[in-house]
Amino acid sequence: MGWRAAPAAPCLACPAHSRAFLPTAAAAQLTRSCGPSQPWRCRSGGTSSRLCSSCSPGRCWSPCGTRAPSRPCSPRARMTVVTPGARRPLARTPGSTACLTGTSWRCRPVQKAELTRLANTLLHVPNLHWLVVEDAPRRTPLTARLLRDTGLNYTHLHVETPRNYKLRGDARDPRIPRGTMQRNLALRWLREAFPRNSSQPGVVYFADDDNTYSLELFEEMRSTRRVSVWPVAFVGGLRYEAPRVNGAGKVVGWKTVFDPHRPFAIDMAGFAVNLRLILQRSQAYFKLRGVKGGYQESSLLRELVTLSDLEPKAANCTKILVWHTRTEKPVLVNEGKKGFTDPTVEI
Amino acid sequence: IALVQLGQPCVCLPPLRAAAEQLRQKDLRISQLQADLRRPPPAPAQPPEPEALPTIYVVTPTYARLVQKAELVQPSQTLSLVPRLQWLLVEDAEGPTPLVSGLLAASGLLFTHLAVLSHKAQRLWPRGVEQRNRALDWGAVGGEKDPPPPGTRGVMYFADNDNTYSRKLFEEMRWTCGVSVWPVGLVGGLQFEGPRIQDGRVVGFHTAWEPNRPFPVDMAGFAVALSLLLAKPNSRFDATAPWGHLESSLLSHLVDPKDLEPRAANCTRVLVWHTRTEKPKMKQEEQLQRGGRGSDPAVEV
């Protein structure tokens, strides 16, 4: 069943795909998509007017005919985006209340906002599966409701990081980086969901919920054969960190100031892995303990690939398509000790 | 004989001539069919534009800084999910900049790109006043850039670019007759600030910071019908208003608190959050720049 661009238009079959995908609210009058077809917007004179889309056997095109090229409706790699929803305790500032397990306090007031924002981004990406892993003893109703309401294809997992790992850790080992256990659970889930020699095309990307992602980034990573890499803005104390790419299009090093001798001096948001590689190297996980700051990415990537195998994207790593933005901790001083606002209102 | 030498069939005999003609016709037909296959099919009828829906005009002031692009990419993705919406992006600049122009062009949104340079005194605080007033000029009086046609039904919403908006918020505000209001999360030192409702009417405000403000609502917590702005065309934000009173400086011209229209399930649901983006740490960048080895400024961040 193809897109129905208007009630009177014929429905055309696009047999390659089985998933229905309705990325936007404006498509409410459209019925089902043939899978990875993208709703196209008509443009004239710099303004965009309406949403229109069509898919016929083998091809999707923009009926408005202006800028959007037609694309083959071939089975494109499905994107799996892993988001660890880490729990961050409130900082102890005078007048605020520390996060205590068992009280009615939410431990992370920005969680819903950040997941909402990320969902609004992911809604634009065709053929995507969102793996959200909560750092919690059970799936929280807030996250469950939010995920259900987005309309996205998702899986909701949870694993709680033990308290001692979060706060102090072993005196000899530094605290484990936030999100490690959650990302590892996602890797394990993928390995259980797909057989080792699965031919399902897919790409796995670890997307933390406070970063900013351009839509172009997801299309760049889709063609990943093993591990692809690109620049990330606002990390390592720089405007951006980037892989160093030679004239032959090979990654030969890293443009970074913070510990440039790391095997993979790259941020979590700066790479994606082909699903087949994840499945084949079934023992590759992020290292939990004894990992120096900034080495978490290397702890996984060195199990998967060598430097020369990396595939540079984003115009040979010269374009910024992802920004390591961070949300400020909200100042909730006026809540006081007993809580000023109605605790039943979900924020 | 010459034709045979060229490899062509001899068509000198009538039956052969007829057969050759048939083949030629078939070749022609095959070429036509191939051309048809290459040509994209005719466009199906467009979905009817939801004409009945009032347009939401979202006003976002912006100024050049490190996170400017990132903080415009985010809201553009949310706004793209909302039908019948026009983004009024107003730069604090002498004219439209290439960074913002490029972003708007790539966004797929219906937009109007304006620019007005703040007076020196206003560049620090309160930010965005002149830019929002420029948008009000555009909405109420029109200007050189595609003002809304007369009789347009619509609503204006002042959306700062670091907040987080859910899609549902826009449907809540769309049918505003005067000024509609709702709670805003993570503002005023509280989990949320918002109007207090009784019998469907605003009877007060739940706020802890400066509760005596005439309208203790955040910029993200209200929307104004275009018709009201046209009826009161001189209503503007007052840049000299005390801290926190900017919203009141506009709303006091437009409506009484008792006439505010509550949304979001009688102001019990939070559909917008006053999130703020941390300033990125640039320690290593500054260090490199001191040594003349800063990152390539041609790479747009």
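FYI, residue positions are counted from 1 along the chain as it appears here.
Backbone N, Cα and C atoms are what each Cβ position is placed from, and that goes for glycine too.
Please treat TrEMBL annotations as automatic predictions, because they have not gone through curation.
Features of the protein shown, as given by TrEMBL:
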type	residues	note
BINDING	A:Asp210	Mn(2+) binding site
SITE	A:Glu241	site 'Interaction with galactose moiety of substrate glycoprotein'
ACT_SITE	A:Glu297	active site, proton donor/acceptor
CARBOHYD	A:Asn316	N-linked glycosylation site
SITE	A:Asn334	site 'Interaction with galactose moiety of substrate glycoprotein'
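Everything TrEMBL records as a feature, shown here on the structure.
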residue  : record                                                             : DSSP class
A:Asp210 : Mn(2+) binding site                                                : coil
A:Glu241 : site 'Interaction with galactose moiety of substrate glycoprotein' : strand
A:Glu297 : active site, proton donor/acceptor                                 : helix
A:Asn316 : N-linked glycosylation site                                        : helix
A:Asn334 : site 'Interaction with galactose moiety of substrate glycoprotein' : helix
Cross-chain proximity of recorded positions to B (CB under 8 Å), evaluated over A:Glu241, A:Glu297, A:Asn316, A:Asn334: A:Asn334
Sparsest Cβ surroundings (other CB atoms within 10 Å) among the recorded positions A:Asp210, A:Glu241: A:Asp210
Nearest of the recorded positions (A:Asp210, A:Glu241, A:Glu297, A:Asn334) to A:Asn316 (N-linked glycosylation site), judged by Cα-Cα distance: A:Glu241
Local Cβ density at A:Asn316 (N-linked glycosylation site) - other Cβ atoms counted within 10 Å: 16
Neighbourhood of A:Glu297 (active site, proton donor/acceptor), C-beta criterion under 8 angstroms, separation at least six: A:Phe264, A:Ile266, A:Asp267, A:Met268, A:Gly270, A:Phe271
Cα-Cα distance linking A:Asp210 (Mn(2+) binding site) and A:Glu241 (site 'Interaction with galactose moiety of substrate glycoprotein'), given in Å to the nearest integer: 18
Cβ-Cβ neighbours of A:Asn334 (site 'Interaction with galactose moiety of substrate glycoprotein') (radius 10 Å): 17
Alpha-carbon distance [A:Asn334 (site 'Interaction with galactose moiety of substrate glycoprotein'); A:Asp210 (Mn(2+) binding site)] in Å: 25
